[in-house]
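Enquirer: The following block contains the structure, expressed as structure tokens.
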Amino acid sequence: MASQPPPPPKPWETRRIPGAGPGPGPGPTFQSADLGPTLLTRPGQPTLTRVPPPILPRPSQQTGGNNVNTFRPAYSSFSSGYGAYGNAFYGSYSPYSYGYNGLGFNRLRVDDLPPSRFVQQAEESSRGAFQSIESIVHAFASVSMMMDATFSAVYNSFRAVLDVANHFSRLKIHFTKVFSAFALVRTIRYLYRRLQWMMGLRRGSENEDLWAESEGTVACLGAEDQANNSAKSWPIFLFFAVILGGPYLIWKLLSTHSDEVTDSTNWANGEDDHVVARAEYDFAAVSDEEISFRAGDMLNLALKEQQPKVRGWLLASLDGQTTGLIPANYVKILGKRRGRKTVESSTMPKQQQSFTNPTSVKGVTTTNSLEEQEAAFESVFVETNKVAGTPDSTGKNGDKQDL
């Protein structure tokens, strides 16, 4: 039997020589002509750039927004303001749906033929005019809805006044019934006294009783008049109290508010306790509520009690004066730092003790100050959540410390 020829070599079994031409022999037959020798022989590893994480919805987006129509920006609010008065006429009436489709007049196409160029130009040229007319009609419709809502409010107010008057009339009837009961008691009392006088059990006449009752009534009225005359001076004191005390109270309130604002922003410049963070990525602010920073910058963060209720954003300061929001996933929390006020208050007793021996202080002033600075710097970072075997400020699951 004749021996079979050996199989042809595989492409990966042949030795390729750089620069060799195409053919069955060795050579880069699979290489594209667009790839030059510099691309294959370029030394070094490819550089990998750090991609910043996605930014969570901004505060303005989290509060929600309204999708307003392009041609109806000023009149969409009337539907929510006067919807409580529910009018069936405005609910079923749509003056902009008379067979029009996007101001294209809902053409009936014959055999699906495209419209002519003249029709397209006419529609495009008249589109702005019809949009203006639509805006005017919307304005009149909004005014009519406002007048209808005003009429409903006035009518409801009038009905409320009538209901109050009706309740007062009913109250008058009830009072009349009560007073009639009092009159019945007086009549029974009069008959009882008259019976006692006729039987001789009561001495004195009815006239004397009436005079005595009248005298007591006059005495009570005189005492009330004297009390009213003596109490007429209180409006004057009240007037002067309002004139003098009003501005004073306003000034006190404003001064208290300014002090609170100043105290609430002392964390930005390091006077009060704050949290230190390092920027991991660059961030560019897009609104006045945010602040920009670059990777490696040190930021001061407000404490948890002063942080706004915005998910994924933190209140921070870069220069110690301007405060703003930053994305939480763009920074790394380092720890809590004590404010300068707290550090100074704690170092005051030590300074007083050192001043008791002035001769020994002169030689070690610089050394003590440097040691105090280093101690204060190291005591700055306080771990809030200690995890065994994790030197970083992140936990086992990679979550940052809670502010």
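Heads up, the Cβ atoms here are built off N, Cα and C, so glycines get one too.
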Enquirer: With the domain names in Swiss-Prot as our guide, do Ala212 and Asp288 land on the same side of the membrane?
Expert: no
Enquirer: Work out, from DSSP, the number of helix, strand and coil residues along the region 'Interaction with PEX19' (175-196).
Expert: 22 helix, 0 strand, 0 coil
Enquirer: So, by DSSP, how many helix, strand and coil residues make up the domain 'SH3' (272-336)?
Expert: 6 helix, 29 strand, 30 coil
